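Features as listed in TrEMBL:
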TRANSMEM  6-29  transmembrane segment
TRANSMEM  41-60  transmembrane segment
TRANSMEM  72-93  transmembrane segment
TRANSMEM  105-131  transmembrane segment
TRANSMEM  151-174  transmembrane segment
TRANSMEM  209-230  transmembrane segment
TRANSMEM  242-260  transmembrane segment
TRANSMEM  272-293  transmembrane segment
TRANSMEM  308-336  transmembrane segment
TRANSMEM  410-432  transmembrane segment
Amino acid sequence: MCLTKIKLYSVLLIGSYSLKLIWAPLVDALYVQKMGRRKSWLIPVQYSIGVYFIYMASNIDEWLPETRRPDIIKLVSVFFFMKTLVATLDIVVDGWSLTMLKKNNVGYAATCNVSGLVIGMIISYVCSVLLTSEDFSNKYLRFSPNVGGVITMKSLFYVFGILFILITTLIAIFKNEKDNKLEEDHVKLSIVQNYSLLWDILKLPSIQILALTLLTAKIGFAATDSLAILKLIDAGVPKENIMVIHTTILVLKIIVPLVIAKYTSGLKPLNIYLTATPIRLLWNILFLVFIYYTPKLITMNGSVNIPIYYYALLVLILSIHNILPNIMGVSTLAFISRISDPRFGGTYVTLLNTLSNLGKAWSNTVAIGMVDFLTFKQCSSYQQNNCSTADLKNMCKTNGGDCVVILNGFYVETAMCTIIGIVWFCIFRIILQNFQIKGRSQWLVNIKRPSSE
């Protein structure tokens, strides 16, 4: 399976998560009053996820056989549906957190969100990659070698399915939901009104500026975020070693949001974001320099021989590279939770999160697409050949030459993104500071109460 297809399928799965904005108004509008506005969705969705895990467990060996090519189309279809269920659950939890937590604690929703997500990543990685690996199991978990991992993917899905069903049952029995009719300024909207609510939110002047901010905030870091790791691998650093370091860093990504929760849960959660932004822009350049010197640091006598001090530097570089966006993400989510109208929390939070995700998606996509365009090559045997097409590359090779990079597009992009990021920060710094002192009314949606409820 070529990497291009894998990336395409990955984009499709990620895209399904972004599409949740389409049905977020439905989640806010439709519910059973006696069951609770959020539990009406959370309980059936989580039960569905549990049952779906069991269904996948029964078929995963057929879709992902050991001796044949995997059924990628089937896998994508299955996980697309699973992503849809999880995206729906995300809408529910985001909306419920705004009313479940006290107003002065709403900022902690971001801490729970980010730390919980990372814990889930660790569990899924350890279980689905390491525990199912025959090599890892024989090397670290067994006294004598055996065939297969200590657990199969089939067994793992069964366990996840049963856990989802058990946990959902406990929530259904023991967790009560406050009657939303008792909430301040409660308004019951129809499905059509909930969809028009999206437009009402976007018409708010403050939201329009915030939308522009979220859609452009990631440009300054796009090249580093999307390409830096690939460039390290191209330079000769084994991707397996990078993966191990990343797994270790995940522990820090759980701890850091808890450490900064005191600041992100306050009245000015974006102060952390504003502090981290110039540091992260500077880190673009430091990371670029590190990548530039990597081939010289890890190559001895023409072969790759990575010294211990390089790994120490790599751990430091990757730790800061991961922690800075982690901090900024918590800060952004905390601010979104604080300003979102709790009456329509599912729709409001989903809209702003989608804008933030789109800001990252489009800037990273452009960065990946432009890197080859900004890379300039030259044939070593014929300088007039710029190796810009497949035919020119073949011609160079036929004549005994090699296409040599004379200007790396990654370096050009990183410089461009950093400059754009500095300009962005100069423009939006004051805007973000002013956002934090705006009154509550600047973010609330004015909805006419129906004559009868």
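In case you wondered, yes, glycine gets a Cβ from its N, Cα and C as well.
Curation plays no part in TrEMBL annotations; they are all automatic predictions.
By number of Cβ pairs under 8 Å, the transmembrane segment (272-293) is matched best by 308-336 from the list 151-174, 209-230, 242-260, 308-336. Scored by C-beta pairs under 8 angstroms, the transmembrane segment (151-174) has its highest count with 41-60, from the stretches 41-60, 72-93, 105-131, 242-260, 410-432.
Touching of the transmembrane segment (242-260) and the transmembrane segment (105-131) is concluded from the presence of at least three CB pairs under 8 A, sequence neighbours closer than 6 excluded.
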